[in-house]
Ligand SMILES: O=P(O)(O)O[C@@H]1[C@@H](OP(=O)(O)O)[C@H](OP(=O)(O)O)[C@H](O)[C@H](OP(=O)(O)O)[C@H]1OP(=O)(O)O
Ligand SMILES: Nc1ncnc2c1ncn2[C@@H]1O[C@H](COP(=O)(O)OP(=O)(O)O)[C@@H](O)[C@H]1O
Ligand SMILES: [Mg+2]
Ligand SMILES: [Mg+2]
């Protein structure tokens, strides 16, 4: 009997499609029984398919409605992930709330989020009371994190003079010196991978006092142009090679906790190590369906994940339990933990020793 294929429809913006849907991924998935099929976003989703699974990164009410309609028409299809769960990441306050709810103990290391306040209007921006407990320098981030260029525009603010240029609603977050290196933790279902990237450099005591403009604007610092990031000298200068990785088990526990709390399968989070302590980690950002193609071996990780879904669906089918309509792939189903084809249970953190950036 011919092997049953598993069809995954993907609905992505053109830029995302270009970076994510590479032949190396499509080919590997195909060799393992998974067909990746483009969803035509100009046509109704419900009229396309059949798909066993849909993965997506699109915004707006129309798309939400289309997913609902598709779910009703295809009750056995798996949708990765639910728009409601994704929306939680579109606000920089609700995004990090889940971190504060995590209960994870570790012998030597602790984690949390930086001190932050949300400012909705100019008046509150200059109200000293609202600032209680928060000290300069701070990073001003747009409250909304909806993937627009605007939502990535940030400013490092050194003193009160720098506040004039800010446009609420914003989040003001304590700037924490962290050695200029950020850890990006990619989560793909049960699979977790941590890599190092360039971040904002530390701010010295002199800079804190002497900044003339009071404000420094920037955007997507960890996502600089190719040539800047592939330059050997640049890495040496940034001491990325020398930077110690966070403990694997610690990061994996946080990743699992976030996956469960957020009810999401495809996301990454940015972590910095507080230079004041050395064993305190701060989560500063969580992104839905990030640039996985920059993760080394992304084809294998993603294909393993697709196979996890396929196997889970087949198992559920065999047990005749049925899948809930409009199902979000369960995040806490440890009993069903699937062993991937290379014998690795996929749950361990793969820490890259080398800086793995590849664009
Ligand atoms: O474009 P890429 O591949 O750099 O991916 C972006 C991510 O970069 P990263 O994987 O962390 O290096 C990026 O992460 P950062 O903002 O750099 O932390 C976002 O996830 C971005 O999505 P959005 O604009 O927030 O919707 C991601 O952009 P989209 O591709 O989803 O538009
Ligand atoms: N609290 C912070 N302390 C120090 N640096 C930070 C802090 N928050 C953000 N950064 C720096 O700013 C960059 C962008 O901030 P982030 O919240 O990740 O926004 P984006 O969603 O645009 O990636 C981070 O990658 C990091 O380099
Ligand atoms: Mg970020
Ligand atoms: Mg982000």
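The chain as shown is numbered from 1 upward.
Placed from the backbone N, Cα and C atoms, the Cβ positions cover glycine too.
Nobody curates TrEMBL annotations by hand; they come from automatic prediction.
Look at TrEMBL and you will find 8-86 tagged as domain 'Inositol-tetrakisphosphate 1-kinase N-terminal'.
Annotation comment: TrEMBL describes 57 as 1D-myo-inositol 1,3,4,6-tetrakisphosphate binding site. A 10 Å cutoff on Cβ-Cβ distances gives residue 57 (1D-myo-inositol 1,3,4,6-tetrakisphosphate binding site) a total of 19 other Cβ atoms nearby, all chains included.
Counted within 10 Å of its Cβ, the other Cβ atoms near residue 183 (ATP binding site) come to 22, all protein chains included. Residue 183 (ATP binding site) falls within a strand segment according to DSSP. Annotated ATP binding site per TrEMBL: 92, 141, 173-184, 199, in sequence order.
The DSSP secondary structure for residue 270 (Mg(2+) 1 binding site) is strand. If you look up TrEMBL, you'll see 270, 285 marked as Mg(2+) 1 binding site.
What TrEMBL lists as region 'Disordered' is 339-359.
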Coarse DSSP state, helix versus strand versus coil, of residue 173 (ATP binding site): strand
Which listed residue (173, 177, 199) has most other Cβ within 10 Å, given these are binding-site residues: 173
Binding-site residues: 270, 285 - member with fewest neighbouring CB atoms within 10 Å: 270
Residue 57 (1D-myo-inositol 1,3,4,6-tetrakisphosphate binding site) and residue 173 (ATP binding site), distance between Cα atoms, whole Å: 27
C-beta crowding around residue 179 (ATP binding site), within 10 angstroms: 19
Filtered binding-site residues, from 92, 173, 179, 183, 199, 285, whose Cβ is under 6 Å from an atom of ligand 1: 285
Rounded distance in angstrom between the Cα atoms of residue 183 (ATP binding site) and residue 270 (Mg(2+) 1 binding site): 6
